[in-house]
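What TrEMBL annotates here:
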COMPBIAS  547-565  compositional bias 'Basic and acidic residues'
COMPBIAS  571-588  compositional bias 'Low complexity'
DOMAIN    471-543  domain 'Transglutaminase-like'
REGION    540-590  region 'Disordered'
TRANSMEM  7-27  transmembrane segment
TRANSMEM  59-80  transmembrane segment
TRANSMEM  142-161  transmembrane segment
TRANSMEM  167-185  transmembrane segment
TRANSMEM  213-231  transmembrane segment
TRANSMEM  599-621  transmembrane segment
Amino acid sequence: MVRVIRAAGLPVALIGMIALCGVLLGRVYSGPLLSQAVAGAAVLSVGISTAVRRLPSWTVAPLSVLALAGYTVLVLRLAAQRAELDAPLAQVLVDAARNGIPRMLTAMIPVEPTPDTLVIPLVAAWLAGLAATEVSGRAGWVLLGYTAPVALFAGTLYVVGPNADAALPPTLGFVALAALGLVTAPGRTAPRTAPQTVATASDAEPAGRLRRLIGPVVALAVLLALVFAGAPRIAGVVTATPVDPRRYVEPPQVDSLDESPLNRISGWALNPDQHLFDVTPLAGEGLPLVRLAVLNDYDGVTWKVGATYRAAGRVLPPDPPPPGATVEQAVQRLTIADLSGRLLPAVPTPSGVEGTRVAYDAESGTLIRPEGLTAGLTYTVTSARQRLDLSGLPVADVPSGPGVARLLTVSDGVPEQVQQLADQLGEENGAPYDRAVAIEQFLATHYRVAADAASGHSYPNLGFFLFGPRNAGGQEGTSEQFAASFAVLARLLGLPSRVVVGFSPRAEGGAPAGTVAVRGADAFAWPEVLFDGVGWVSFNPMPQPDTEPRPVEEDFRPEPEKSEEPPTDAPTPSVAPSASASPGDALAESAAGSGRTRAVIAGGVSGTVLLVLAGLVIALLTMRRALSRRRLHAPDPRERVTGAWLEVGDALRLAGRPPPPDLTATEFAGHAAETAAQAAARVKKLRTAAPPLDDLAELMNRDAFAPDDIDPRQADHAGTQAVAYVSALRAHRPWWRRLLWSLHPGPLRWAKRRRG
């Protein structure tokens, strides 16, 4: 019985250690599927290696890999069924293998256990069990065999990061199981030698006692030295906030059309009959407003969403309602028609989405579909509609401090008349709610709605909308100008505000029962103000139908300004929204090598080492490619030109020829050409010559002195030129330097230093 317990002790300990890694990671997943899948991988991988221990060592890895393939297919199929993925299983498996790491790190917490978020933990747990069992069980090197479970445990802690509480019980359990494995592990059998003569008690006992004492004393001394040397550092790490690896992975990005959907209001106003989508209320009362996006950031030119989207499952994180508010569940089914882009319309505040893959910004409640919208796409949204308690609104205050600084930011360049109007409205109204109502009434009584008004909501556009001559197109606009003007005036008066773009569905004849067709005429924007204890309150600064606006001069007499001409840089109204480009996902794949020691040790140690190294290589490649993609595919052409310039600068530093910081753009291009020529001269083989960077230097000069002259085609050409130069410069390096070039972490560090 004792022999059975000792034989089973080490495998049980290894299974428990790996299963605890699944429990640790499962804290940031929804449901128990992740923990169950990792526990199953631990049982099967350790069990198979233990069962075939008497077979030759070279047979273990093939058998285990075959079992891993079958188990992976089984688990991922189950996950796909639970996630209601309708794609073929083969396509799901390929997609999970290609995008497992980035989707696991960009997924919103709690992470839904889907095939692409399960495959990496499952495979890592299986390989850790295989390596640990072979090294500790077959070779008898228990401590060395613990390397794989410990690495898996550390990697799990890193992936969880600051997104869960301290994991004290799993950690103590992990240590206890490791101790159990050490106690019950059979000792290594020493090679048999010829019998030795029995030593006499006088000469054997003192030497044996001395040898038995030296080992523990030395081990204790080393342990105490490590404790005293590492205690301060370990204490600092324990009390510090863990690093979140998700910040190194680029979340889903959107183009300028989806970053500022307020610009689309004019195009929809000019095409009122354009069929955008259908909405069918399945639960809840009435036809609620459908929200497209929440715009929190304003730079004096454009209102932007400014969101950080995270891949989300079917269940979205809850948005706690303000005090006194009641919550009503609403369910609606939406079918996309002509609506383009990636922004996904939904009734606020969404709590669940079924029928499509989404990414979600929890701060604003904005949804996107990373693949872009397509005609015929049908999905179902469950929303928590909040009915605010407005009884205390007249005496409510507004929040202040760093938490709402973003909602109060007003960039430099506010037109003088706009500031004077805000000051006048603020002087006449003291309470925050009174100030908001004063802005609402002033806009509603002094301005006219015009579907053909010029698009734009920059400072010059808003100045012309508010104070331009009426006979030249001033003092009239769409909901774009009304909402943007309200929000700017509110921020000037210290009211945290934002702009929301959405739709007001209207029932019409001819539609299927319960289904409402949402058209361009239903699109509009409205402002919201945040009040303490109440929440976000919507305002309607639009004038009532069939009312004649009062002349602005009757209620506001600003000081004379230089000109009242309409802005020349007002963007042309778009006739119809354009479709956005589909995102591209690519991950580099690493190759494994063979070890150089005995087969039994090589199978375990090299597998563990390669697992860690492969993770590091994939992480570096992913972060390097994400940095280049973020630079060269930025929505703003100026940002793309600057990104191309930074790519060339990083390449020169990697080549050992960093440009001096005081060079002009033209001198920088000359330095780059000289570096490429010197690198080409050292290579005997014929290589593609590096292109000149004169065009890129010219664009950098133009960006400094005439930034509005850069168009997207020039920015794309700059990116192409930079990529060609970097590729040619890298090709002129020796093969081992080309390999280090791709894995060098320098560009990530330099980019962080520039931001700092």
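Heads up, the Cβ atoms here are built off N, Cα and C, so glycines get one too.
What you see is a predicted model, and the numbers here were worked out from it, not measured in a lab.
For the domain 'Transglutaminase-like' (471-543), the number of residues in each DSSP class (helix H, G, I; strand E, B; coil) is 19 helix, 26 strand, 28 coil. Here the transmembrane segment (142-161) has Cβ contacts under 8 Å with residues 10, 14, 17-18, 20-21, 24-25, 27-28, 104-105, 121, 124-125, 127-129, 131-136, 167, 174, 178, 181-182, 185, 242-246, 604-605, 607-608, 611-612, 615 of the same chain, all six or more residues outside its ends. Predicted-model confidence for the domain 'Transglutaminase-like' (471-543) is 89, expressed as mean pLDDT.
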